[in-house]
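These notes concern the structure reproduced below.
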Amino acid sequence: MSGHGTPIPMSSHASKGLKGQADVPGDKSISHRSLILGAMCVGETTITGLLEGEDVLDTAKAMRAMGADITRDEDGTWHVYGVGVGGFAEPDQVIDCGNSGTGVRLIMGAMATSPIAATFTGDASLNKRPMARVTDPLALFGAQTVGRSGGRLPMTVIGAQDPIPVRYEVPVPSAQVKSAVLLAGLNAPGQTIVTEREATRDHSERMLAGFGAEISTEVTNECRIITLTGRPELKPQSIAVPRDPSSAAFPVCAALITEGSDVLVPNIGLNPTRAGLFTTLREMGADLTYENEREEGGEPVADLRARFSPDMKGIEVPPDRAASMIDEYPVLSVVAAFAEGQTMMRGVKELRVKESDRIDAMATGLRACGVTVEEGEDWWSVEGRGIGGVQGGATCASHLDHRIAMSFMVLGLATTKPVTVDDGSPIATSFPIFEDLMGSLGADIRRD
Ligand code: S3P
């Protein structure tokens, strides 16, 4: 299965002594939001450190199709000349968001309260993913949607002519849904109030405040209540996108399971709504330290140092940590295979509706490599076999999912026999320099 042109089979071979510095790309979540919010203010927003992966480039194309002027300097600085809140133009072509759930859901939210129509599509993975989670709340603003059965793309959104503000409790822990509602609320007169039971990544809230919107978050024992006042005049910003902790996870985990490794991953955002993996790894006994801890742009940042960790133990990952590491469970399951004892992961059913069913994809590949994995709808567990205990030797399906492909490439660095993925092309959606960067550390990853 491929939606990214020709499939790229890749294999990963036993490696030792990963060493050096891993400069991972910009944060995907913040990159999408920078382009979308930049497009929603009048004037010039400049962005440095933007992730130039396929997902984000598709969002840039979509914002251009809706009237924003977006350019890139040779040095990688991006300029967004926005149209203002409510100023989107109707696109004259179908908007193709490729593989990106974040892109399509945030853009749908952003345009749902403008008097335009837009038709969205994606690749084979995105066109299977549930959209009712965003179209339900967008209907409350007055938007209409017509999609395929089951609320799937391709789908047309007809924005509300006279949007009304909304009070909405997000029924699943999802920053994409929360953000879609907040972005829609920008062009609704009055207060839009979003409640979430579990804290999800809060980049939209922080960035909306940075762009000058009136937004506040009340935290109670049970929930977070976010109140946004509509129709602000957003002010263009100069944004330095921090490096992506979800991408940092791959060189970090590779170093932990590969004998003799010592890798530095500088400038990683440790926003508590994103850093759950690193907390979990440290609880497992990983030699993972935070150096040069500091604050940058209002976010906690550190340089991560990961060293080979032969004595990691399986743990029970607290379910209330799931949202803060939702994209990192695939690579955590790889580390768990090299720990001693069982790692239990509960409260994770959202993993089943990502770019692939990530529990199924990882469980199938890990089992083929000799690891015992058990699963239920909302949980899975991995029986650790210790360093040197995982056989490998299988070809694993990436299911058009970048994080599945990269996780299996990390696995193969420490298995006895090589691990292959049928298609590594989706890696370009979020981490286009993955092969070069891992190679520069000494990882033996090849295109077959
Ligand atoms: C994201 C939110 C998460 C995450 C995705 C990025 C975002 O999805 O998996 O990679 O930028 O808001 P959900 O909101 O569906 O959990």
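Cβ coordinates come from backbone N, Cα and C, glycine included.
Per TrEMBL, the stretch carrying the note region 'Disordered' among 1-25, 226-250 is 1-25. Same-chain residues lying 6 or more positions outside the region 'Disordered' (1-25) and placing a CB less than 8 Å from one of its CB atoms are 51-54, 98-99, 123-125, 243-244, 247-248, 250-251, 254-255, 258-266, 268, 395, 397, 399-400, 405, 408-416, 418-426, 428-433, 435, 437, 440-448. Taking a Cβ distance under 6 Å to any atom of ligand 1 as the criterion, the binding-site residues Ser29, Ser174, Gln176, Asp327, Arg358, Arg403 reduce to Ser29, Ser174, Gln176, Asp327. Within 10 Å (C-alpha to C-alpha) of Gly101 (phosphoenolpyruvate binding site) lie the following binding-site residues from Lys28, Ser29, Arg33, Ser174, Lys354: Lys354. Among Lys28, Gly101, Arg129, Gln176, Arg358, Arg403, the residues given in the record as binding phosphoenolpyruvate, the maximal Cα to Cα distance rounds to 19 Å.
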